[in-house]
Amino acid sequence: MGARDAARAIDALRRGWAVTIRADDGALRLMAVEGADAVTLKDFDPAGKADMLISAARAQTLKLANQIAAADPDMPVRIGRAPWIDGDVAMAIADPVRDLASPLKGPFVAAALGAPEAAKAALRLARLAGILPAYFVTAEGQGGVEAEVTGEDIAAYDDAAHLAVATRARLPVAAAESAEIVAFRSPDEPREHVALIVGERNEKPPVIRLHSECLTGDVLGSLKCDCGPQLHQALHQIADAQWGVLLYLRQEGRGIGLVNKLRAYALQDQGFDTVDANVRLGFAIDARDFSVAARMLDLLGIGSVRLLTNNPAKVAGLEAAGIKVVERLPIILPANPHNERYLATKRDRTGHQL
Ligand SMILES: Nc1nc2c(ncn2[C@@H]2O[C@H](COP(=O)(O)OP(=O)(O)OP(=O)(O)O)[C@@H](O)[C@H]2O)c(=O)[nH]1
Ligand SMILES: [Zn+2]
């Protein structure tokens with residue numbers, strides 16, 4: 001029960017194993033399209049009758065717009081299995097990056113969801129597993145499963161409440177020689193977040209930066225985004241302020257994971273902007289949950305902050321999680337030819353301010 005079952009289900013999905021997702025309105029037996037191969041698919045569905053479950057956004061792209069529930073536009077869509085849908089075709093249905101290479105798909109026939117709440121939970125689980133939100137689906141009991149999970153288990157996994165300080169140590173960094181690093185861990189989920197504390201605590205609210213992991217920008221020096229320069233600029237601004245904390249949050253790709261972010265990049269290569277790319281993949285524009293950051297600040301004894309950000313949603317997210325933001329401090333950096341459009345999209349479509 002609880003987060004442990006969600007952890008098992010996430011592991012199973014990533015390996016291409018079957019899981020059952022249970023909700024008040026019923027249960028679905030699922031296997032991730034992304035993890036399936038000919039052998040596991042045959043095992044899951046020997047008769048080749050399993051339907052597919054995809055996001056509403058994906059259904060829209062596949063011209064199943066009439067299947068999207070007006071009352072709940074986030075409700076997934078179930079596609080009836082046709083004989084021509086094999087593992088390869090299923091992957092082309094699942095992955096929008098392949099649309100240019102395999103544009104002609106369909107016609108699709110929609111099927112009744114069976115258990116709508118379980119279907120929604122399945123999509124949440126896909127995001128946590130960092131996989132494409134697309135499944136083969138059967139009714140419960142049509143074969144074996146490796147894990148069983150409920151919507152409550154998934155919520156428990158995603159709950160920052162059990163995050164605790166694991167250890168702390170001195171960490172001299174270029175921006176601040178006397179910094180201290182604090183590592184946080186939760187027994188429920190594997191991502192380890194860290195805080196870098198700079199300067200001496202005083203009675204003023206500290207300058208805080210919430211930095212979401214960006215492997216490409218932070219480590220490889222990607223020019224597509226502004227993460228790397230922002231990270232260093234933030235550390236210098238905190239050091240200048242004499243007291244503050246940088247939280248390094250393991251929320252790669254605004255919470256959709258590295259592989260899905262790189263899929264979003266592949267869509268950007270095809271002309272979509274950062275917002276449309278996320279939506280086309282079947283994810284929220286920003287899937288981050290800032291309660292993790294709030295919990296970390298809480299554990300550090302910090303209740304009110306001056307927040308370094310251009311993103312009003314971060315201010316709102318942190319405040320909603322119980323941290324008082326007394327001031328927003330902008331981070332101003334020059335654009336480059338590769339991130340100009342990304343920064344313009346953030347300004348024009350997600351309300352970023354300077
Ligand atoms: N999904 C997706 N994530 C991206 C993309 N570009 C950058 N990211 C991720 O966005 C996150 C960085 O966002 P932040 O630096 O927190 O920026 P922000 O929310 O725009 O707000 P501020 O920088 O605080 O103004 C990192 O997790 C990156 O991996 C993209 O095109 N798609
Ligand atoms: Zn980045």
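Just so it is clear, glycine is given a Cβ too, placed from its N, Cα and C backbone atoms.
TrEMBL lists ARG209, LEU210, HIS211, SER212, GLU213, GLU252, GLY253, ARG254, THR274, THR309, LYS314 as binding GTP, and of GLN142, GLN230 the one it places in that same site is GLN230. Taking the domain 'GTP cyclohydrolase II' (168-330) as a whole, pLDDT averages 96 in the prediction.
Taken residue by residue with DSSP, CYS227 (Zn(2+) binding site) is part of a helix. One residue stands out among the recorded positions GLU252, ASP286 for having the most other Cβ atoms within 10 Å of its Cβ: GLU252. A Cβ distance below 6 Å to any atom of ligand 1 is met, among the recorded positions ARG209, CYS214, ASP286, ARG288, by CYS214. By the criterion of other Cβ atoms within 10 Å of the residue's own Cβ, the least surrounded of the binding-site residues ARG209, ARG254 is ARG254.
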